[in-house]
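Working notes, structure below.
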Amino acid sequence: MSDLTSPKVNKSDADWREQLTPEQYHILREHGTERPFTGPYWNSTEKGLYRCAACDEPLFLSDTKFDAGCGWPSYFEPVKPGAVTEHRDSTHGMVRTEIRCANCGGHLGHVFPDGPPPTGLRYCINGHSMVFEPV
């Protein structure tokens, strides 16, 4: 895990608050979580690219999206190596692996080792942390 990785985009808290919606700010900057089955994209089957809502960096392709039944958009791999960073998360009485945008450090969600082939991983992502670009 890369807890010491510094994001490339650095903005003030005031700049983030001005740019992001309240939901996006809570998730991306305060490490919040949307309730399952309430955020955008959890049941979307459109083809396209999911980008970071904070910095527009490419994160996930629809070709890697699958229905995990958890209520959040789930993917088996990021769009490219290095698109996201992993961080130890020991909040809420459990240990998980948090996923952040490598470009701006925004909180995206968590990754779990219960996904489908070929990776066996499930990137469980808050829909409000992303914007969708159809192809």
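Glycine residues also receive a Cβ, built from the backbone N, Cα and C atoms like all the rest.
Lifted from Swiss-Prot, the feature list:
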ACT_SITE  C124  active site, nucleophile
BINDING   C52, C55, C101, C104  Zn(2+) binding site
DOMAIN    13-135  domain 'MsrB'
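Locations of recorded Swiss-Prot features on the structure.
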residue : record                   : DSSP (3 states)
C52     : Zn(2+) binding site      : strand
C101    : Zn(2+) binding site      : strand
C124    : active site, nucleophile : strand
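Other than C52, C55, C101, C104, the residues of this chain whose Cβ falls within 8 Å of the Cβ centroid of the Zn(2+) site are, in sequence order, P7, V9, L28, A53, A54, D56, E57, L59, A102, N103, G105, G106. Counted within 10 Å of its Cβ, the other Cβ atoms near the residue listed as 'active site, nucleophile' come to 23, all protein chains included.
Mean predicted confidence for the domain 'MsrB' (13-135): the pLDDT average there is 97. Cβ-based crowding with a 10 Å cutoff singles out C52 as the top-ranked of the binding-site residues C52, C55, C104. In terms of DSSP secondary structure, the domain 'MsrB' (13-135) contains 25 helix, 40 strand, 58 coil.
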